[in-house]
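For reference, the structure is listed below as structure tokens.
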Amino acid sequence: MKITVNGIELNYVQSGSGPVVLLLHGNGEDHQVFEKLQAKLADTYTVYAIDSRNHGESTQTTDYSYETMAQDIVAFVAELKLQPIRIIGFSDGAIIGIKLALLGIPMERLALLGVNLSPAAFKKAEYMLLELEYQQTKSPLIKLMLDQPQIRLEEVTTINSPTLVIAGENDVFRPETFSELAKALPQAELLVFENETHDSYVINPNKLVDSLKLFLK
């Protein structure tokens with residue numbers, strides 16, 4: 001399905017019934033990364049898996065900022081009258097989730113999967129690989145990860161929504177990224193999955209589903 005908001009078309013897939021959950025994917029992906037997770041949540045929730053601008057079947061633009069992507073979701077929620085909402089964001093989608101919370105968008109729950117507040121969170125080798133990839137491709141999506149976000153830890157102390165910070169033990173980001181964030185958030189829990197990477201527990205969400213359902217209640 002497609003909807004026109006904020007001057008662009010956003011593509012999304014809706015399923016299930018119950019309280020509203022938004023699924024926000026990562027960089028270079030689309031809603032399909034959540035295919036298995038969406039199916040497992042749809043027995044309890046009305047789930048909207050959204051393609052961010054410049055991803056999937058949503059409009060391609062020259063604006064790649066997280067701030068604009070957050071405004072797209074603000075407009076999406078307003079247009080479909082979806083309040084109250086619960087948000088599950090993965091990687092870039094989790095950054096968008098934080099941006100939405102900082103904008104004061106009311107949300108019942110906020111789940112942040114594989115999130116970073118700045119490029120400094122990358123393990124050194126991972127950042128060097130991104131730099132090499134950008135040199136070869138000049139992709140604006142890679143450039144986005146190299147430069148953004150730039151969220152100060154002090155900023156998230158204003159987020160009052162119950163929050164679940166989730167990471168894989170072998171994430172691309174340094175472990176303290178997640179522990180420091182969870183400590184700074186007023187109402188946060190931290191969950192680290194052993195033997196999982198940045199995205200493995202999202203693509204195959206058997207470990208993830210029960211934890212999310214318990215948190216989203």
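Any Cβ shown, glycine's included, is placed from N, Cα and C.
Pulled from TrEMBL, these are the features on record:
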type	residues	note
DOMAIN	19-128	domain 'AB hydrolase-1'
DOMAIN	158-211	domain 'Peptidase S33 tripeptidyl aminopeptidase-like C-terminal'
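Across the domain 'Peptidase S33 tripeptidyl aminopeptidase-like C-terminal' (158-211), the DSSP tally of helix, strand and coil residues reads 21 helix, 13 strand, 20 coil. Under DSSP, the residues of the domain 'AB hydrolase-1' (19-128) split into helix, strand and coil as follows: 45 helix, 24 strand, 41 coil.
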